[in-house]
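Here is what TrEMBL says about this protein:
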- 19-132: domain 'Response regulatory' (DOMAIN)
- Asp68: 4-aspartylphosphate (MOD_RES)
- 149-248: domain 'OmpR/PhoB-type' (DOMAIN)
- 149-248: DNA-binding region (DNA_BIND)
Amino acid sequence: MQYFLMRDGLMATAPAPATMLIVGDHLRWIEAVADHFRTDEVSLVVADDGDEAVGAAQRLQPGFVALDVDLLGGSVMQVCREIRDVCDSHVTMCTSAGNENVVVAGLRAGADDVLTGPRSSRELAARVRAALRRWQANEALAEGGDPMPRRFSYGPLSIDVGRREVRIADQRIGLTRTQFDILVELARRRGAVVTRRDLMEAVWGSRSSANTERISVHIAALRRRLGDDSEEPALVLSVRGVGYRLAVAPGRVTA
């Protein structure tokens, strides 16, 4: 693992392909996170304010970003949005507060995940590894090394898993990494209901029923991106008390 501190916007060495940008100033926590990746091909880059973080995200295009809500305070939501504008990273907010309002606001600002309570380097590392496994699986799809279909077609909706590309009526739709992963999991089930717990496991690597509100927020954002009516959705349907499913049967599935 390579471990860099951002200073004056400069880095002496280029990061490894899997790069994690941490925006925080709690050195003990940062070092604990670094310890979890000592044997992995992951570069850890540290920025200590929002402007530096956005600049680093734009230059480095990291796979992962962890935002310390306690450091950034009220600016964290804007920093998250700006990072979303410049790179396609998996963004996790970390906050010592357990306020559900903070979780919902973070997800609506574009975060893929929000960790609450005492800082846990182990939990953050576990979430990063879960996301990394999903991306490696998608790379295998792109190379034809996985039996799961690489392309799905649901009416006007088409999904290219290897390219991580979604189109509706040939118009490309921009999704966050988590929104895309949710959509692929629904498509993979070919119209069957996917429970909230199954989505938690597939997308976040956990079957815990805690904080499943994040799923509702991501589903709402996914529907908006797809142009699906939130009151009467035509693509992503809710099954009360169970989970979600795609509304139409697959028209074409390509291996």
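Every residue, even glycine, has its Cβ placed from backbone N, Cα and C.
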I'd like the Cβ neighbour count for the residue listed as '4-aspartylphosphate', meaning other Cβ atoms within 10 Å of its Cβ, all protein chains included.
22
Report the mean pLDDT of the predicted model across the domain 'Response regulatory' (19-132), rounded to a whole number.
86
DSSP says Asp68 (4-aspartylphosphate), in three-state terms, is strand
